[in-house]
Structures are given as C-alpha cells and as structure tokens.
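Student: These came from TrEMBL, pasted as-is:
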- His37: active site, proton donor (ACT_SITE)
- 30-37, 147-150, Ile176, 184-187: ATP binding site (BINDING)
- Gln61, Gln153: (R)-pantoate binding site (BINDING)
- Gln61: beta-alanine binding site (BINDING)
Amino acid sequence: MKVINTIAALKSLLEPIKLAQQKIALVPTMGALHKGHVSLINIAQQQADVVVCSIFVNPTQFTDPKDLEKYPRPLEHDMKMLEDAGCNVVFMPSVTEMYPRPEVWHIDLGPAEFLLEGAFRKGHYQGVTQIVKKLFDAVNPDIAFFGQKDFQQVLMIKNMVAYFNMPVEIVSCPIIREEDGLAMSSRNIHLTAADRKNALVLSRALGYVQDNFTAHSIPELLKEAGKMISNTPGVVLDYFTIANGETLLPEEDKTHHPIVALVAARVGQTRLIDNMILN
Ligand SMILES: Nc1ncnc2c1ncn2[C@@H]1O[C@H](COP(=O)(O)OP(=O)(O)OP(=O)(O)O)[C@@H](O)[C@H]1O
Ligand SMILES: CC(C)(CO)[C@@H](O)C(=O)[O-]
Ligand code: BAL
C-alpha cells in the first residue's frame, strides 16, 4: 500500500496507470475508518483495478468548529484497516496541500442543497463538493464510491459532477450497520453507553416505516416514528421525513419511486443521521 501526501506525487503515481487504461476507483473518507468504509473499498475492488482511499478532514464542510476540533483522527488504526482491506493507495494531504490559498467556491447544486442536512448545516454541501472536486482533479478516477448513509451527499455529488460535466461514475453503496441496527459512523465513538442505547431508536423508527410502508398512510407512519423518537430520552430530533428520493421534498404519492425515509437527531452531544429506502 502506498501512502501519498501531495497532489504532485499522486499524479505521477496514477498518470501511468491511467495511460495503461487501468480503471481507477476513489473512496473519499475523513478517516476514523470502520466496516462501512471497508465495505466501500471492497465494492470498489470488485469494479476497478486500482483503489485509492483519501483521508482528509475537510474544514470547509464543517459548520460547527467544535465538531471539526473533536473529529476523531486515529491514524495508526486507519492505516491498519486500509492495509488489511488491500487498499492500493492512501492519499492523505495536509490542509495547505488542498487549500494553498484563499478561494471562493460556490456552485449551483439545485434546490435540494438547502433541505435536510443543508438546512441544519448551512453551506455544508458547498464545502463537500469543493473538496470532492479537488479530490477528483487530483486522482482523476473513473469511478468513485460513497455511502448511502449520506444520502443527500450522494445527490449533491452527482449534481456537482453534472455541473462540471466530469467523466466520473458515482456509485452509492449500502449502509453497513452494527448487529443491533445502528448505522456505523465515525461519530458513534462519541456516544456514551446510554446514548448508544438511545441511538437505536433511529434505525428502529426507520425500520418501522419500512416494514409498514404498504400497510399505513405516510402521515400515520410519520406520526408513529415521531412518537417512537420523542419517547426516547436524550434524543432530540432535527428531522424525520419521508421524501422523494430525487428532490428530497416530502412525498405524498406512494407510487413515486424512489421514496426514502431520512432522519437526523442529536443523541446526547452527538448528531447522527440515517435513512432507509422504502420502495
Ligand atoms: N455505515 C456506513 N455504511 C456505508 N458507508 C458509510 C457508512 N458510514 C459512512 N459511510 C461512507 O463512508 C464515506 C466516508 O464517510 P466519513 O468518513 O464521513 O465517515 P462517517 O462514518 O460517515 O463519519 P461521520 O461521523 O462524519 O458521519 C462516505 O461516503 C460515507 O457515506
Ligand atoms: C465525501 C467526504 C469525504 C468529503 O469530505 C465526506 O463528506 C464524507 O466523508 O462523507
Ligand atoms: N459523512 C459526512 C461528512 C460530514 O458529516 O461532514
């Protein structure tokens, strides 16, 4: 496994591979790797010749400075996970490597930018697309893999790729969960034992909605899920919605496809997100 810290070194490693017409995959991450990230690498390995994983805690997508400051950075653990997963290249740049000078970034990501996560983390998707564009320019991948856990992020990245007309295929990969259903997330490390128990209500409420999607109306499903969450101590709901999977607007027509239930909540001091596709 090669560990690379600069764009120049990355380009000189990857350009001959690209010229030899080998397929290059990119798995962008912010580190603190878990089985969810490994699953993205494993899916990438099935579809490409060379897998590059980037680890970069991107400051421009954080809207809460405390969230950025306490973001976990367990470097040795990450290197071992990537080595064990058989990752070919790790790209781990510094902040100045990615942002050598002040820059203005703003692109039109469509109206869904301002909904859900975009409403609670203002400017978040400008920061995400800014760094993903830089990573795509540095790696020049044929294909890039993202988790469905960040459902809105995948939509925003697809919109960014369309905006710049970039020749990169974007693949959304299934959510990997703990045995009891909690979606794996780097931020789960911040949960206390009580939070960890309370956090289960998120996947349970989503599971309830998924299991009962044909039997009940959307307002009934939302009411029941809302009740489940508000009856759980220590959980403060930001949103629970049943939405059109393309516009992210609340969906009323059950025949539309895809429909997705999305949730975000603060569990103790930790903000978690999760979702399930319903049809
Ligand atoms: N449980 C999961 N299953 C599948 N993919 C995941 C999972 N968790 C994260 N990913 C994906 O891994 C990629 C890198 O995510 P990131 O490094 O932010 O990890 P994270 O666990 O989502 O952390 P965070 O606490 O920031 O939400 C993203 O495309 C994300 O959607
Ligand atoms: C895509 C990403 C690596 C960009 O910083 C980040 O938003 C993430 O980890 O999901
Ligand atoms: N996994 C999405 C990145 C973030 O929360 O900033």
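Backbone N, Cα and C atoms are what each Cβ position is placed from, and that goes for glycine too.
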Student: So which binding-site residues are near the residue listed as 'active site, proton donor', with CA atoms within 10 Å, out of Gln61, Gln148, Gln153, Ile176?
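Tutor: Of Gln61, Gln148, Gln153, Ile176, within range: Ile176.
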Student: Going along the chain, which residues six or more apart from Met30 (ATP binding site) have their CB under 8 A from its CB?
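Tutor: The answer is Ile55, Phe56, Val57, Asn58, Tyr71, Ser186.
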Student: List the recorded positions Met30, Leu33, Gly36, His37, Gln148, Ser186 whose Cβ sits under 6 Å from any atom of ligand 2, in sequence order.
Tutor: Met30
Student: Return one of helix, strand or coil for Gln61 ((R)-pantoate binding site), based on DSSP.
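Tutor: In three-state terms, Gln61 ((R)-pantoate binding site) counts as helix.
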Student: Listed recorded positions are Leu33, Gly36, His37, Gln61, Gln148, Ile176; which sit with C-beta under 6 angstroms of ligand 3?
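Tutor: The ones that qualify, in sequence order, are Gln61.
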Student: List every residue in the same chain as Leu33 (ATP binding site), at least 6 positions away in sequence, whose Cβ is under 8 Å from its Cβ.
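Tutor: Residues satisfying the criterion: Ile55, His77, Asp78, Met81, Leu82, Ser186.
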Student: Expressed to the nearest Å, what is the distance separating Gln153 ((R)-pantoate binding site) and Gly36 (ATP binding site) at their Cα atoms?
Tutor: 16
Student: When the Cβ positions of the binding-site residues Met30, Leu33, Gln61, Ile176, Ser186 are compared with the atoms of ligand 1, which fall under 6 Å?
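Tutor: If the test is a Cβ under 6 Å from any atom of ligand 1, the answer is Met30, Ile176, Ser186.
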Student: Roughly how many Å lie between the Cα atoms of Gln61 ((R)-pantoate binding site) and Gln148 (ATP binding site), rounded to a whole value?
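Tutor: If we compare the Cα positions of Gln61 ((R)-pantoate binding site) and Gln148 (ATP binding site), the gap is 18 Å.
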